[in-house]
Amino acid sequence: MTASLTTKFLNNTYENPFMNASGVHCMTTQELDELANSKAGAFITKSATTLEREGNPEPRYISVPLGSINSMGLPNEGIDYYLSYVLNRQKNYPDAPAIFFSVAGMSIDENLNLLRKIQDSEFNGITELNLSCPNVPGKPQVAYDFDLTKETLEKVFAFFKKPLGVKLPPYFDFAHFDIMAKILNEFPLAYVNSINSIGNGLFIDVEKESVVVKPKNGFGGIGGEYVKPTALANVRAFYTRLRPEIKVIGTGGIKSGKDAFEHLLCGASMLQIGTELQKEGVKIFERIEKELKDIMEAKGYTSIDQFRGKLNSI
């Protein structure tokens, strides 16, 4: 009995649910091509701003024993660079599954302008609005301000008619899950992506008695194994609170087939990999696909839908 990882997401069919997390291995067209030619089921572009950004000073990304700390500051080549890439790829590979396109403006107005550009283009993929970057000095995470989140989405959906998801920060309180889900349920969202890195962690080099990343006096977003329990909780919380039409993408701490299975069991439809992709490169997708299939076959599952979201309580 062979397990199939075929994943239906919105109106698209992907060979498996795995993709990169925006920010990892997607800065240049070369990296995007490597993702497109890998075993990943889908891929997403680097979060784009209006103009090219260099991001924060280095060192700004460090691998640590159980994950990573980063304070990248949204370095990217600007929206025109990525839009040109995806439009060319659509034209050259018309039968390929839909591409994900990420945007992350520095203000509501910039986000609206970025989304207008996508709305007015021939892009026929899926857009992800990043409401949760924790690493831009002086710019708070929009999605921790519930009123601002609602205002942003009201303005977005006044004109944006293409499939749109939002990338969320981690939440830690049931009241916050409830409030955010109530807001999100008011809009025709395609999905939520939980979670972005846990913001403003601190990692210390004891030998040097110093922080390890330069920006923000060493404070940075934490990813990898450290964040998996929080990621699973957010996936589960939103899966059980959102309208069934709003899918959940699970991101955080996925480095094995077991991790992937747990995210799917909590209700995730697609899975994004960040820290471990940074460490292993695109070959991770082949490994993790095999590991997930092995788990499913050992349990007698032939498709992900047989267990997705069916987490047992005790």
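In case you wondered, yes, glycine gets a Cβ from its N, Cα and C as well.
Here is what Swiss-Prot records for this protein:
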- Lys46, Ser47, Asn130, Lys167, Ile195, Gly224, Gly252, Gly253, Gly274, Thr275: FMN binding site (BINDING)
- Lys46, Asn70, Ser71, Met72, Gly73, Leu74, Asn130, Asn196, Ser197: substrate binding site (BINDING)
- Lys46: ubiquitin cross-link (CROSSLNK)
- Cys133: active site, nucleophile (ACT_SITE)
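On the structure: features taken from Swiss-Prot.
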{"residue": "Lys46", "record": "FMN binding site", "contacts (Cβ under 8 Å, 6+ apart)": "Ser22, Gly23, Cys26, Met27, Asn76, Glu77, Tyr82, Ser102"}
{"residue": "Ser71", "record": "substrate binding site", "contacts (Cβ under 8 Å, 6+ apart)": "Asn56, Arg60, Tyr61, Asn135, Val213, Lys214, Pro215, Lys216, Phe219, Gly220, Gly221"}
{"residue": "Gly73", "record": "substrate binding site", "contacts (Cβ under 8 Å, 6+ apart)": "Arg53, Gly55, Asn56, Arg60, Asn135, Val136, Pro137, Pro215"}
{"residue": "Asn130", "record": "FMN binding site", "contacts (Cβ under 8 Å, 6+ apart)": "Ser22, Ser47, Ser102, Val103, Ala104, Val166, Lys167, Asn196"}
{"residue": "Cys133", "record": "active site, nucleophile", "contacts (Cβ under 8 Å, 6+ apart)": "Ser47, Leu74, Ala104, Lys139, Gln141, Asn196"}
{"residue": "Ile195", "record": "FMN binding site", "contacts (Cβ under 8 Å, 6+ apart)": "Ser132, Leu168, Pro169, Pro170, Val227, Thr230, Ala231, Asn234, Thr251, Gly252"}
{"residue": "Ser197", "record": "substrate binding site", "contacts (Cβ under 8 Å, 6+ apart)": "Asn70, Pro134, Gly220, Gly221, Ile222, Gly223, Val227, Gly274"}
Fill in: substrate site, defined by Lys46, Asn70, Ser71, Met72, Gly73, Leu74, Asn130, Asn196, Ser197: further same-chain residues with Cβ within 8 Å of the Cβ centre
Gly23, Ser47, Gly55, Cys133, Pro134, Asn135, Val136, Gly221
Item to complete: Would you count the other CB atoms within 10 A of the CB of Gly252 (FMN binding site), including those on all shown protein chains?
Response: 34
Worksheet, complete the sentence: Row Gly274 (FMN binding site), column other C-beta within 10 angstroms, all chains, value 26
Worksheet item: Among Lys46, Asn70, Ser71, Met72, Gly73, Leu74, Asn130, Asn196, Ser197, which the record lists as binding substrate, how far apart in Å are the two most distant Cα atoms?
Response: 16
